[in-house]
Each structure stands twice: as C-alpha cells, then as structure tokens.
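Pulled from Swiss-Prot, these are the features on record:
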type	residues	note
COMPBIAS	1-16	compositional bias 'Basic residues'
REGION	1-69	region 'Disordered'
COMPBIAS	43-61	compositional bias 'Basic residues'
BINDING	261, 281, 290	S-adenosyl-L-methionine binding site
C-alpha cells in the first residue's frame, strides 16, 4: 500500500552485474589515422592492375659498356656508311633482298665484318622480337679514354681545348659536339659515367666520322675531375644563357675546358660553382636559347678564331689600353 510499502528498488541478481565498460583505448581510432591516401591500383598487391603489371616482362636497363645491336635496314646502312665499328652483321634466312640489304652485305664484306645468316626465329629471340626487318648489326662497346690520359694528350699540344658535358642526355647532341670539336681543333670530350649520353651508334653516325678521331673520356665524378684539371692549369668556363661573361669578352688563347649543360636544366649547381667563369652567347632579342650542340659549336668557333690570330705580347696589349 502506498506509504508503508516495503518494496525496494530493483536489485540485480548476484553474478549478473555488468561492471565498468571497457573500451578499445582509442586503438581503433588511431588505427585509422596516418594511413594517407589510397595508393594507386598498380601498387596494391592484390589488385588486378598490380597483377597485370607484375605479369608484364621487364626490359633490362642497358649499360653503357654493353654490346649494342642496331636494327633495321636504314639504321644499319647508315652505320656502315659512317664507318661505325661493328663485329657482325646478322641476316635472317629468306629475307627479301632490296638495294639497302645488298649494300649492307657488300659494305660489311668490304670492311671485314662477319656476316652471319640465321633463322628469323633466332633473330627474333636475339633482338627481343623488335622490328629488325631481317637484319641487325652488332656494335661493340666504345673504348673510352681515361680523363688523365685525355688531359695529358691535350696539354702536349698547347693550348688545350676540351669540352665537358654536364649530364647531356641526347646521343645526337653528343655526336654533333664531337663533330664540332674535330672541326675547330679541339682535343677531346669528357662525359660523366652516369646519367649521360654515351658513344652509341647514334652518336657515332651524328659525328660524321669524328668519333674515330676525337677521344671521349668518362669521369666517375665530373666535378672532381674538373677540379683536378683546373689544378693543372686548365681554365674551366661554363656555358649558360644567364652567364655573367659575354662570349666576346672571353680570352680563348689559354688552355680551356668548355662545360656544356644538359638540354633542359643547363649546368648543375656544383659544376657551375667550380667554373672560373660562366659564359653566355649574345643573341638577338627574339631568340631565347640555342640547342646544346649548336651553342657548343658557336663557342668553339669563336675560340678557334681567336687562336688563329697572332698572339700579341702582353706588354703591347697593356700599352695600347693605356
């Protein structure tokens, strides 16, 4: 009855007390943090795109000191006409002959290059099924000079004139620069061992035979090699559109090494810092820049023109300036 009821509040039976709630301690929330954006499909191991990427054959990276194989009738014929050194000419049996193929075989025979006939399937395997048109030319690795030997040979014919390439990537530019070095009395070319165009069949063809006369050396560290050359009395001049010295003001009568930067980025920071001066080519306002090989040719031509003039004694030059 109301007022005298002895009923107590609800009592939980013993052994059934819920107790204090226990959470995850934030583990679930923290587990979702810091994962960043979802990676691309080809980087997720179990995604079909990743499986397809793993199934694709990977082409090995070609090293600069490996044998090169030139494929196709026109490229092979150009190499043979340019006198590119080769060890073997491969011709697939049953290949339809034309004037190019006939000339390739004749030039290879005249040059003492081995002519090897093989099944087309074997040539397919040898060239990884590239479009070889039934013919391939094997070119051995280029025999690079040592930087010290290159400098010593140049100093024996003073004043030395060398060209260093700072991560130039196009072998056609390398070949064109070799051609300019030969045309304007230079003694050789220096390239980095890594991240640089090497003397391939493409460079050899572009050089128009200059590769047979102009030595090319490879430096493990281009900056350190240039420092060593500077210590031996060679002046290092960099070539850059933003250079502080105009080409007209450069004294080209001393022993020089002209450093040409890469096609896109120009001179690297360390190489630029170690140049005695950075030279620019005066151009018309409408022209923004020159191709690397063209710029190198312009500078080499200017230096050669200075060296053809009789050198005045320093005293006469100073008296005229006074």
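Cβ atoms here come from the backbone N, Cα and C positions, even for glycine.
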Quiz item: Among all the protein chains here, how many other CB atoms are within 10 A of the CB of residue 290 (S-adenosyl-L-methionine binding site)?
Solution: 15
Practice problem: Taking the Cβ of residue 261 (S-adenosyl-L-methionine binding site) as the centre, count every other Cβ atom within 10 Å, in any protein chain shown. | Solution: 22
Self-check item: Cβ atoms near residue 281 (S-adenosyl-L-methionine binding site) (within 10 Å, other residues, all chains)
Solution: 19
Quiz item: The record names 261, 281, 290 as the residues that bind S-adenosyl-L-methionine; what is their largest Cα to Cα distance in Å?
Solution: 14
